[in-house]
Amino acid sequence: MSLSPPPISLDIEFRLTPAHSIPMVSQLSRRVTVPQDLFTRKEVETVEQLAMELVVKRSPTHSKTIHWDELEDWQKDNEYILYGYRRIQYHWYGCVSSIFTYLHNETVNIHTHLWGSALFAYFLSTYYDSYIDLHAISTWKDVAVVGIFLSSAMFCLAASAFYHTSGCHSNEVTSSCHAFDYSGIIILIVGSFFPSIYYGFYCYPHIQKFYLSLISLAGLGAAYIVLNPEYAKPTHRGARTAVFIGLGLCAIVPTSHMFLTHPFDELVSKMGVDWLVASGALYIVGALLYANRVPERLAPGCFDYLLASHQIFHICVVLAAWAHYQGVLACLQYRMSQPVCVP
């Protein structure tokens, strides 16, 4: 007389999210009895996972976004933003589809820099015909320095949009994309110096080379600091911001030097220094709001979807890059109007 294998009882217990968004259903249990030799433990675990996903998807209160308390630790960055977080996707389709299919607290961050990047791609494709090709004395250096700035702005904004899109993928992917975002910020800051220094010291090639070398080394130093995984933690937001602002403030040295080599009215009225000052002010204001998480820290939950500090910072970055471009064009037009270099 043969005996059949004793059955095993598989208890699937679903624990979903806190009571503030989806009612606790941990009491929900479904007992499935199967022969012991029918499934391996790995297959049983797979069934459990699929069953859990099925319950979540069919929950009448299930939504595409969740509350701060439902986030995993690696997702938590700003405790003053309470609602509108995307669920973890673990695949790129879910991340990319979130750009256009529903509103969440990263929607504004993604779109401001996605379309900002497209704007600078347009500038990059038109600046030669619109400005440089009009002047007989323009050279490949004019093409290069303006192109470096526009390319760096386009890359920075695209990297930022890409990072914010990836924020619901997984810890590993998001961390890698965060480093990509930091790289874009440094590239934009350094790239912004190239046309300003080139035209500001147009008649002083040795000074040009000195300052361009100096800012390039400073950019490498900043990258070494902020790309350290330790600085990716939310607790180091202030330190990261200080590094970026410090790198940008390196402009004080060559700008002060320019006031020694050019009359003040010439710098302001003809060489676009007023645009460059406006650009720097926008960067600093946006960065300080971001670092201090204002205004959302004053009214948690009120700025989850619109006008949070990070969103304001993104808008400031696009406006600052545009203002810088206007300053670069002013410098270009001024230098092209000078047939002979007169220091």
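For all residues, glycine too, the Cβ spot is worked out from N, Cα and C.
Curation does not apply to TrEMBL; its annotations are automatic.
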> Which of these, HIS104, HIS135, HIS164, does TrEMBL list as part of the Zn(2+) site with HIS310, HIS314?
Replying inline: HIS164
>> Let me spell it out: for each of the binding-site residues (HIS164, HIS310, HIS314), count the other Cβ atoms within 10 Å of that residue's Cβ, using every protein chain shown. Which one has the most?
In response: HIS164
>> Using a cut-off of under 8 Å between C-beta atoms, tell me which stretch among 143-162, 182-203, 239-260, 311-332 contacts the transmembrane segment (272-291) the most.
In response: 311-332
> So around the Zn(2+) site, HIS164, HIS310, HIS314 aside, which residues have their CB within 8 A of the centroid of those CB atoms?
Replying inline: GLU106, VAL108, ASN109, ILE110, THR112, HIS113, SER160, GLN311, PHE313
> According to DSSP, does HIS314 (Zn(2+) binding site) fall in a helix, a strand, or coil?
Replying inline: helix
